[in-house]
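Below is one structure, written out as structure tokens; the observations come after it.
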Amino acid sequence: MKIYLVGGAVRDSLLELPIKDRDYMVVGATPEQMLAQGYKQVGKDFPVFLHPKTQQEYALARTERKTAAGYGGFSVDAAPNVTLEQDLLRRDLTINAIAQDDQGNRYDPFNGIADLNARLLRHVSDAFIEDPLRVLRVARFAARFHSLGFNIAAETMALMTKISQSGELEALTAERVYIELDKSLTSDAPQVFFSVLKECGALAVLFPEIDALFGIPQPEQWHPEIDSGVHTLMVLEQAAKLSNDNAVRFASLVHDLGKALSPKASLPKHHGHGQKGLPLIKALCERFRVPNEYRDLALLVSDQHQNIHNAHELRADTIVKLFDKADFWRKPHRLEQLLLSCEADAKGRTGFELSPYPQASYIQQCFKAASNVSVKDIIDAGYKGAEIRQQLTSSRVEAVQEIKLNLE
């Protein structure tokens, strides 16, 4: 029995990045031998075991053979005679196919270290094409390692394009696609995930609502980048700079889906695009079982981002109605999320990346003033029943109006 550290831990140590998880591969062992040493088996499809003390994962070396469509259509051989190189051969990228023994010796049969140094994401073998999930994984790695200068090898992109055209992506479950989407949103450059999917043709298959934005023009006066799809990825890039909150990043990604529904005769204008996008957002979220928190914020941002952009022109009563509709009184954190998404939208335009966004502080001032209105004072003044709500709203409008007057 021989044990090797494999995959991400070896890769990240070579990149001098923090190591999150350590995965081990065991060569020359049987499940019975592992169990006899106190390991606990957890893998159903192939033998994976938890170490009795560290709870880290130890997988028997294995080979895989394609038997059906989709990422799960494989038969697995985890016999004791499977070699280290055979196991590494089945892995997706060369940078993930490096092993290290307990003496620190590295085994790199597919030149992963050279590709790490060259900042290349390259597939290990043509078996890459057998697993459609790898399209999403490579796009995610491209986003994760974008700041380090990584690019996708041309021959790997060609295979990703072939997979996208094959119909295999449709075999992926919604849960698997969403897991990769959410992981990509966590990266420093989530926009790269979607630009890679666009380049290889996977965006049109998996996220047609986003793909439909490319080629849709916007008014050049406000959007020098013109293209709605380009704008969307610029907004996501800005959202990642402004916030680590994946809900904010997701809302920023889908805030303009309605622009794809604008009548051709009205282009490049997009009247009511925020409201037109609401059914598209609901459908996308239902399809991928997106968490309710993400969905609700995305709907709010799509519905209200134009109002926030025009905040200084809104009447005081309109601002209070916005606060009521969004239930900011009970969910004040949602206001912060909305404003961050709107700021990302404003900055996600060519030449506007460093522009201030005074609307955010203005709306925050309005909300603070309105929040300071005391319900107790209204009740103590003798108001009862429905009058309390009416007077509360009236007092909040007056408080916001005072903020407006002070700014004029």
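Glycine is treated like the rest: Cβ placed from N, Cα and C.
Just so you know, the Cβ of ARG91 (ATP binding site) picks up 22 other Cβ atoms within 10 Å once every protein chain is counted. In the three-state DSSP scheme, ARG91 (ATP binding site) falls into the coil class. Annotation source Swiss-Prot lists ATP binding site at GLY8, ARG11, ARG91, ARG137, ARG140, citing sequence analysis.
In the three-state DSSP scheme, ARG137 (ATP binding site) is classed as helix. If you look up Swiss-Prot, you'll see GLY8, ARG11, ARG91, ARG137, ARG140 marked as CTP binding site.
Sequence-distant neighbours of ASP23 (Mg(2+) binding site): residues of the same chain at least 6 apart with a C-beta under 8 Å from its C-beta are LEU5, VAL6, GLY7, GLY8, ALA9, GLN56, GLU57, ALA59. Mapped onto three states, the DSSP output places ASP23 (Mg(2+) binding site) in strand. Residues or ranges marked as Mg(2+) binding site by Swiss-Prot: ASP21, ASP23.
The domain 'HD' annotation in Swiss-Prot covers 228-329, and the record cites sequence analysis as its basis.
Rounded to the nearest whole angstrom, the C-alpha distance between ARG137 (ATP binding site) and ASP21 (Mg(2+) binding site) is 17. Cβ neighbours of ASP21 (Mg(2+) binding site) (same chain, under 8 Å, six or more residues apart in sequence): GLY8, ALA9, GLN56, GLU57. For ARG137 (ATP binding site), the number of other Cβ atoms no farther than 10 Å from its own Cβ, over all displayed protein chains, is 18. When DSSP labels each residue, the domain 'HD' (228-329) comes out as 78 helix, 0 strand, 24 coil, counted as helix, strand and coil in that order. Other C-beta atoms found within 10 angstroms of the C-beta of ARG140 (ATP binding site) number 24, with every protein chain shown included. In this structure the residues listed as binding ATP are GLY8, ARG11, ARG91, ARG137, ARG140; their two most distant Cα atoms lie 16 Å apart.
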